[in-house]
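Engineer: Got a structure here, written out as structure tokens. Questions coming.
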Amino acid sequence: MAGLGLIILTFICTDTAGAAVRPVVSFSPNWTPIFPGESVTLSCNVAPTAQGNLGYSWYRDGERIRRDEQNLTGVTDSGDYQCQAGASERSDPVTLDVSADPLILQAPPAVYEGDSLSLRCHSQPAYREKKLVFYKDNETIGPPVSGSELQIGRVNVTASGTYRCGKEITRYVFSPVTPYTAHRNISVQELFSPPHINVSPYDLIEGDHMTITCDTELRPHRETTELQFAFYRNGHNVQGFSLSNQYGVPSAQLEDSGNYTCEVQTPTGSVRKRSSMVHIHIQELFSYPQINVSSDQVTEGDHMTITCGTELRPHRETTELQFAFYRNGHNVQGFSLSNQYEVPSAQLEDSGNYTCEVQTPTGSVRKRSSMAHIHIQELFNNTQIKVSSDQVTEGDHMTITCDTKLSPHRETTELLFAFYRNGHNVQGFSSSNQYGVPSAQLEDSGNYTCEVQTPTGSVRKRSNVLYIHIQELFSTPQIKVRPNPAREGDHMIITCDTELSPHRETTELQFAFYRNGHNEQRFSLYNKYGVPSAQLEDSGNYTCEVQTPTGSVRKRSSMVHIHIQALLTKPQIILSSKPLAEGDEMTITCDPNLGNIRNSTELQFAFFKNGLIVQGFNDSSNYTVPSAQLEESGNYTCEVKKRSSVSQIQVEELFSTPQIKVRPDQVTQGDHMTITCDTKLRPHRETTELQFAFYRNGHNVQGFSLSNQYGVPSAQLEDSGNYTCEVQTPTGSVRKRSKVSHIEIQGAVESQDGGTTDSPPYLNKSKKEAASGDAKSAKRIPTQTNETMGDPGASHEGRTNATGVSSQMRETKEDTEQPGASLPSRGKETSSQLHFQLGERSQMYLALGLIGSVLALLVVAAAFVIKTRQKRSSWLIQHLQRLKTVHSRIPKVKMSSTPILVSFVPEEPRYTELPSQGTTEHLNQKRHFLAHHQNNNDQSAGRVPIFGQKNEFSDLTNDETAILKQHFPGSNSIPSSNGYSVGESYP
């Protein structure tokens, strides 16, 4: 008998996004059929709506169940149930079977792919059962897992078939067992249809946005089932499983062409289906680009152009393209509208593998060319840096060379060179490939490089690094002091100690000393600075400086503080006795508190009372008052001082005072004259370098140099003058000047044979001719310079060689006493002396002395007066007066008949024998004679003006000729160019 069954109708709002508008009916428990009296709940599942809870309706077999409660009870009828929510469509019908059979096979009302299928072989509760068996398509499929249920698991469409179960059932204990079977046709429905590929747009070109859709359809009553989609190209996944059924390619490329499939599955993967394959072809927008270079051969510095060539599809020719260029994979020019890459000045590093890339403005299509190798030929090879010497020492001249070689086909290219030390420029770009350091210093050590470039800088190369080490010429000096410590009064010696490099031990060094930055001893060859008696103020910070003579290398020591310890402390007054009464002997002692080490120091003491001295400085340290009086009271102080011992200091001469020497001894116009500046270094300073300079009349004619000679290849009259020379050390610390030496250049004289000679003509005669006359042999006696000659009144004692006679008379006397002495043949005589030609018997006249000379001159004057029988002009009288003065200082001699010219000039007298009368030179000498005596009226003592102030002569006037003939009758001896003649023989 059937009991009362309960069917509960419910409304359930599911929160499934994207669920279908049409509701779905479900059973709980999800069995059908059921026995009468069993309960089942039917639920109407709808998606949430904006209107909130809606009214719903239930239908059985198409007819509405007229109840508006959610729970309906007492319904036991079988039928197809539907529900409706608001204005939605009705759900698909779901069949509910109610069976009164003793055995039923229960299964879900609808089974879909992926569902987990459970079967229950269910009998009436009042029956007993045993031997339960399940079958599918008449094949046993196994016993139940527990009770009367069989769990088949997840199924697909292949699980469809006829299922049945069999049991032996008895109603009562002792009732007979009756076998029963129940069956049910179960159809596993497709959850969703097999997917298929759809692509848009149909005609695809590079850069287009491509969308591939994976289309499928869920069963109506499973429209809320969530599905996942995946896409594949050529079997490779291009988009993993997701809820989207589309695969988008924003910019389709050629490589996006291929065979596409898609796959659909449930979230658990229980149901998975793949579409059939669809081939998609992407058409080319533009061809692959190609690299082209402007020249087959590119050299450094050349202008290089690289072109990226491509071609658009005919129907897309208006498409804008952008181009980029790469070298060895690195971008060298970003995307732009230009399809060319310009290199204004190609470099070696511009060589490489070039590619170009072309794209649309959005970058949706991009293509790269094949690789093209471009080789830049070298304009000049890599530079090399070289140094002039492998070993450079401080002070050396260092030359660094930058070597390179131009390419053979570019040999005329101009190059510029620059040099760097430790990365800093030391010589800017210039056409010189050398960098010179006149005097290398330690700081010139470093890593050197050089750089070479073209004038425009289009090609630039740098050499490898060359480390150059400047060796130390001498070590950094150090200050050493002796004694140490030094006390007041000590002889303190400060030594500047340094050490020369072994290979430069002969280098001369100079030393200077400083205290508190002030120079105490200038540069000298001595490395010691001595303080004979050190004082407290000699304390300070001492440094010394060492340099080469040229100063090319100079180093300073570190600072050393020297403290001169006080010899004395503040002295103390000690009174002999206390208290002191009138009449007592008062002795005050001044205690200097000397240490034991200075007890022998000599001190002097002075005493003061109330600031006034009462005992001056002496050796006594006591001040004694034999009988003290009241007025002796007062404030006493004492003062102590010390006196150093005497120390003699002798400064030795570095080199002697220079002397001027000239060669030859007598210089004539046209001679090669060499003037030597002669000096001598001290023996222990013979390596000292000296410099020499020469002066004429106070004006420098040759600056300081290492040569001690001044040469005049062809001496002229204007080279005459007062010469001095000056000698100094390279630093100028020692400088000495010679005494003035007058050098007179003699003019050339025409000889009798028409030539010129530096010697007076009579000296060129043979000995036989020179011996003719009363004086067969004679010697010339040198006379004094024109200073004395020009001042007849000068005292004999006031001048060393008043007339050249007093200082040399003894020598002349000895010469003249030799019988038969002949006149020596000498080519040149010193022009500052007055010479006379003496006869053989001159020695007897020398004894007559000054009186005979005066008488001889008077006789000569009388002879001139008688011969001329004319009034003597004033100039001749004055002239003879001066000549008398000269002759008064020499012995009386008898002259030979050979005419002698005695020249009175400021510098030197000389002898000249006149040319034959009537020659041009004879006339010129006459003019010179007259002009000379007028022009030099007030310029030289002993010169007499003639003919008033007439200065110029076109020719000798008649009066002039008459005067000359009157004073020099019958002789060729007429005045020379700068003197006058003593004519004929003198008695």
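Each Cβ is built from the backbone N, Cα and C atoms, and glycine gets one as well.
Because TrEMBL annotations are produced automatically, they should be read as predictions rather than curated entries.
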Engineer: Quick one: which of 631-651, 715-735, 967-987 does TrEMBL have down as region 'Disordered'?
Structural biologist: 967-987
Engineer: With the domain 'Ig-like' (477-560) as the reference, find which of 102-165, 195-278, 289-372, 377-466, 658-741 contributes the most Cβ pairs under 8 Å.
Structural biologist: 658-741
Engineer: Tally of helix, strand and coil residues over the domain 'Ig-like' (289-372) according to DSSP?
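Structural biologist: Output for the domain 'Ig-like' (289-372) reads 6 helix, 42 strand, 36 coil.
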Engineer: Mean pLDDT across the domain 'Ig-like' (289-372), rounded to an integer, is what?
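Structural biologist: In the predicted model, the domain 'Ig-like' (289-372) has a mean pLDDT of 92.
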